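For reference, TrEMBL has these:
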type	residues	note
COMPBIAS	716-725	compositional bias 'Basic and acidic residues'
DOMAIN	4-82	domain 'Ig-like'
DOMAIN	89-167	domain 'Ig-like'
DOMAIN	173-254	domain 'Ig-like'
DOMAIN	259-338	domain 'Ig-like'
DOMAIN	343-421	domain 'Ig-like'
DOMAIN	428-506	domain 'Ig-like'
DOMAIN	513-591	domain 'Ig-like'
REGION	716-740	region 'Disordered'
TRANSMEM	597-620	transmembrane segment
């Protein structure tokens with residue numbers, strides 16, 4: 001014994017089931033003892049027994065079926081089987097959404113419902129015309145053209161069926177009205193005119209008439225009797241019902257008449273400035289429209305209602321008029337264009353126009369074209385100097401020379417004239433000399449003197465050293481300068497109006513020592529125990545500050561200072577130093593003898609007297625030539641006289657040991673004067689001396705030329721301003737004479 005198992009349902013016939021067919025459902029089950037069979041449609045019991053039969057099946061019998069097999073040991077359901085009953089469309093109905101009043105512009109949906117198996121295909125028809133397919137037929141923004149009867153057709157392979165027709169009744173506002181005019185030909189003043197308005201609408205519309213925007217009447221007909229030009233204009237009618245309103249296009253009543261009310265307007269209407277674009281408009285009331293002509297003065301300049309001038313200029317200023325003319329008459333209207341513009345053609349004239357001399361009176365005049373008239377300002381360079389059309393300068397000076405211009409200005413702009421140059425002529429002034437390289441000038445340098453001069457016309461420049469002309473031109477250059485170039489320089493500036501000299505400038509050329517020499521104060525031969533003073537002299541700028549003494553064949557110095565006391569025989573020389581260099585002198589010989597000295601006095605008196613006379617003559621000549629302040633600076637005058645007269649031995653002749661010397665010193669110079677004026681820049685004479693050799697010996701059998709009498713006069717001059725007094729052993733100037 002066992003409960004039911006392997007429960008299943010089979011359908012006969014097994015193919016497509018069409019409404020009206022007979023159908024048998026069979027339930028098979030394996031059980032012991034045999035099971036009781038029950039049938040269910042969905043959850044509803046519909047029968048029992050192994051066989052469930054349906055005769056003339058309908059769509060209502062469609063659904064899920066199953067059987068239940070049951071014995072005392074248990075029960076079991078079969079799987080469900082589906083009965084699908086096929087049938088032709090039926091209950092075909094159309095519904096409209098929205099269901100109320102349909103207004104033009106609405107969106108409308110038609111919905112077709114139908115019962116069929118298999119599902120039917122839906123087609124839509126307006127009247128007899130196919131318009132779409134699908135269960136839903138939609139119309140967006142419906143219009144009056146969509147009004148009419150609609151129906152849907154439902155169709156499957158078992159049959160076809162149409163719905164009942166539904167009507168779409170679309171409400172709409174008036175369509176655009178139209179106006180007709182009678183008579184339709186030209187309308188003359190005094191005629192009678194009728195305007196008619198026709199309009200289509202669902203629900204009849206009310207008609208209103210407007211001229212422009214002004215209501216003038218109602219009703220389908222609007223009549224005007226005895227028409228005038230005032231009736232000319234645009235007319236339109238309005239058609240209105242409860243769904244909306246619509247205006248017709250405007251129609252124009254064109255009443256013919258001659259020109260009147262002719263006028264000209266200017267744009268822009270405010271002030272007109274040069275460069276603007278200006279439009280002249282001629283307005284004229286006439287019908288038919290008039291032909292417009294434009295005139296400037298009596299000259300025809302254009303035609304048309306508008307006369308335009310782009311980038312207007314002052315040349316366009318003047319009276320303009322327009323002429324309005326049609327076949328019924330003509331009329332004029334005039335207006336004036338006053339064009340404003342900034343200054344232009346600004347220029348300056350000078351009076352007098354020729355050469356201008358210092359002290360003259362000069363007038364500058366500024367001319368300018370502008371509207372409105374301009375204000376005038378004057379400038380010298382970039383500096384304001386005056387205002388007004390005329391700028392006058394009385395008693396003109398060189399300071400007034402320069403570039404002048406005037407500025408012409410009004411509210412529309414400003415403009416400068418070209419510059420004019422006032423070139424005031426005057427003689428040289430403010431003459432000065434500058435030295436290129438204002439520091440110390442050393443011998444060998446290149447020096448440039450530059451002469452600056454203020455004059456007009458430019459001056460010719462001449463250079464002078466002292467009173468001597470040396471060069472011309474603004475620049476005087478000295479290359480490789482030497483001490484000879486020291487002195488006062490000045491330049492002379494000259495033009496046709498006068499001349500002027502600069503102040504003098506001094507060139508103070510520095511150089512190392514030169515012409516270094518040793519002076520022996522006394523005889524070069526001395527007696528043992530005595531001393532001999534050697535003096536070192538040199539020419540230098542600045543004065544030599546350091547003097548060194550050397551004995552020949554010795555490497556180290558034996559003394560320093562401008563003077564040196566020699567105590568032994570030998571050959572001596574000195575070296576003079578300043579910051580620019582040094583130089584050594586030639587050697588001098590000093591001889592030291594034992595105590596035995598030979599003195600020879602014979603013949604000396606005559607020679608000495610002659611030499612003193614020569615010395616006095618030379619001294620007087622030099623004193624006469626030099627200025628007082630130099631003469632006062634003379635420090636010492638001395639004469640060193642050696643006379644030799646008589647017979648000499650060969651050894652005496654060779655050594656001249658028997659020479660007689662005399663030293664004469666004249667002092668006429670105070671020490672305070674030396675200290676107070678040692679720094680003067682004047683050239684002073686340091687040393688003047690005369691060397692005279694007087695030699696007479698008839699016993700030496702010398703050649704005839706040795707019997708000659710001769711003198712040697714040497715002048716030695718340096719710049720005393722460059723030497724300090726404490727460097728001198730004696731004083732700054734010495735005149736001496738040596739006689740042998």
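Using the three backbone atoms N, Cα and C, a Cβ is placed for every residue, glycine included.
Break the domain 'Ig-like' (428-506) down by DSSP state and the numbers are 3 helix, 51 strand, 25 coil. Scored by C-beta pairs under 8 angstroms, the domain 'Ig-like' (4-82) has its highest count with 89-167, from the stretches 89-167, 173-254, 428-506.
Mapped onto DSSP helix, strand and coil, the domain 'Ig-like' (513-591) counts 0 helix, 53 strand, 26 coil.
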